[in-house]
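Peer 1: Pasting a structure here, questions to come.
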Amino acid sequence: MHIKLLILVLLLFNPLFSKTLPIYSEIEKIDLLRFSQIYIDSTQNLSILDIKKENINFRNNDKKMVGFGYSPAFNVWIKFTLKNETEKKILKILEYDNPLTTHIEFYSPDNNYRKIQKGLFFKDKNTNTINSTFQIVLEPFSKKTYYIKAKSEITPLIVKINLWENSNFLSKELKHQAILCLFFGAMLILAIYNLFIYFFTKDVSYLYYVLYIIGIIIHHSLYVGLATTYILESYLIKNVFIFASVIVAIPILALAFFTKEFLHTKQYPKNNRFLNIYILILILSIIFFLLTNSYDKYRNILTMLLLVYLMSLTIYAALKKNTQAYFILFGWSIFLLSGLAMFLSSAGVFNIYQYFPYFVETSFVLEAIIFSIALANKINKLQKQKNEANQRLLKHQESETKRLSKEVNKRTKDLKETLVEKELLLKELNHRVKNNMQTIVSLIRLQNDEVKNEKLNDILLTIQNRINAMSHLHELLYKQDNISHINTYAYFEVLIEEVKESYKKDVDIKIDIKTNLRMEQAIYCGLILNELLTNSFKYAFPNLIGKISITLTKKNNLITLIVKDNGIGYNKEKVHDSLGLTLVDTLARKQLKGNIFIDTTKGVFSKIIWEDKE
């Protein structure tokens, strides 16, 4: 058995070895493409019957992988012959080692070369392997020729086939998927970490970086086949890959905006302007590639050039002593290498996975960690700047507080002196207004004594009481220290006494004052009370005896004045042109901005309510 293995190993490394490959169950894995033949069908019309004809010119191949880049214009046929030289049946797994190939057709002599269709666009929902696989069964001492037709409409066409021993393939697949899950888990944790930092700091560069990581997760899950195996339904896969240019560009655009914010590229006007124009061109190119498939092989060139420019911009910022650039320069180098490796692999130029299977995943995680450290350093730097600014602010506040304290004390002293002067002037003004009103009242009294007409005497007396109502208010303001509010009880008492002296009637007046009025309200309220009392004294008590009650209350910023008597009342319909009632209504509604209610059925009940807008 060991001799067989040694012979097989020697044959495997011999490029001149015949394309008929002996198979043994002990061999764990064979890079089958090296022992296969390839034919390019440029017509895309050949069937398996045409291919099986001997005049088809298959060419030998000695490479483990053949990349054709974006090549939707032809089909690739792979032919290989396997031989079982043992007396036992051999079962193998044939793996087409590229999850992005859209159409894979397998033809086996075991089913008379009937087509078995697999590939990116033909994912079976029950399949749990990332790559397309097929069963190989070799009877003892049998020899069989197999064919594979590969075609890729949207994605790069890469051909690599492996022949596995069953248990080894399952172990490899579990390990591969576990590593990919760890990679995506790490990237997701970094995205959540930076998202929380964005919520706390509101720094938009963190948001751009989160969008970049999410874009990488989406792109790479499609690139390695994990999303197409476990997440996307088969009918959705083609629709998703139509937007391949968008999927590739989103993380790059997010990274470009992140670089703009993180390096503050506005401090480099020319570079910033060029970057803005380039981003606009890239967005327009995305729209262009969505509208046509004719130039899809060029769709990644602009994104790769943008990566190169962002790298050069970071180097430029580092040369300009931008400390933030130092942290991400290493990360940029790793990211650029991984992006370049993916681009070269997709184009079929160089397959990095052949030498470093998880080079791109490792690069992405390292780059994400480095960028996260750079962002954390930015927070520390900003915190340090904030602390220094706070110290300067505290010192400035202390000096400013002392200066303002002196200024406030000076201004306060000046204001107090001015206020005292104004209060004295206002008191003097109230005194003079009161004296002037008393002079007017005296003149009216002299005139009233000369007049013998009873109706005219009554009019002059009413005018006299109205003026007295305002005069008494100014007198109270002159006498008290606080001129913003009036002693309402004292004011009403003076008004009541004035009216009682004017009309010689035995009327009992009760007053209940629960609040004081502001000066401007007291003027109107005094005039209203004077009119209501005058009307009651003149018309309510023909037998010269009666009662009047006056209440003033305040509740929830509403002031209520109630004046009622037990007189004979009056008919509202007949009394509608009274000057006194008109004055009361006008003062209540227009000046006090309140409402008035008067009931004359049982005596006169007057209620005025207004809002105290302090």
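Yeah, the Cβs are placed from backbone N, Cα and C, and that goes for glycine too.
TrEMBL lists 177-199, 206-228, 240-263, 275-295, 301-319, 326-349, 355-376 with the feature transmembrane segment. The coiled coil annotation in TrEMBL covers 372-432. Residues or ranges marked as domain 'Histidine kinase' by TrEMBL: 428-603.
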Peer 1: Take the C-beta pairs under 8 A between the transmembrane segment (355-376) and each of 177-199, 206-228, 275-295, 301-319. Which stretch has the highest count?
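Peer 2: Answer, by Cβ pair count: 177-199.
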Peer 1: Taking a Cβ cut-off under 8 Å, which residues six or more beyond the ends of the transmembrane segment (301-319) line up next to it in the same chain?
Peer 2: 248-249, 252, 255-256, 259, 263, 265, 268, 271, 274-275, 278-279, 281-282, 285, 325-326, 328-329, 332-333, 335-336, 339-340, 343
Peer 1: Between 0 and 100, where does the mean pLDDT of the domain 'Histidine kinase' (428-603) sit?
Peer 2: 74
